[in-house]
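These notes are about the structure you will find just below.
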Amino acid sequence: AFCNLRRCELSCRSLGLLGKCIGEECKCVPH
């Protein structure tokens, strides 16, 4: 599956984290 950066950012933001696409994976990382 292709990582959608916008969707990744939105889902991570709700956790108070920053969304990053690593390859095809969405990773939530601290700011």
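Note that Cβ sites are derived from N, Cα and C of the backbone, with glycine treated the same way.
The disulfide bond annotation in Swiss-Prot covers Cys3-Cys21 (among others), and the record cites similarity to another entry as its basis. Cys21 (disulfide bond) falls within a strand when secondary structure is assigned with DSSP. Within its own chain, Cys21 (disulfide bond) has Cys3, Leu5, Cys8, Lys27 as residues 6 or more apart in sequence whose C-beta sits under 8 angstroms from its own.
Look at Swiss-Prot and you will find 6-9 tagged as region '[R/K]XCQ motif'. The list of residues near the region '[R/K]XCQ motif' (6-9) in space but at least 6 beyond its ends in sequence, with Cβ under 8 angstroms from a Cβ of it, reads 18-21, 26-28.
According to Swiss-Prot, the feature disulfide bond maps to Cys8-Cys26 (among others). In three-state terms derived from DSSP, Cys8 (disulfide bond) belongs to a helical segment.
There are 16 other Cβ atoms within 10 Å of the Cβ belonging to Cys28 (disulfide bond). If you look up Swiss-Prot, you'll see Cys12-Cys28 (among others) marked as disulfide bond, on the strength of similarity to another entry.
In the three-state DSSP scheme, His31 (histidine amide) falls into the coil class. The histidine amide annotation in Swiss-Prot covers His31.
When the alpha carbons of His31 (histidine amide) and Cys12 (disulfide bond) are compared, the span between them is 11 angstrom.
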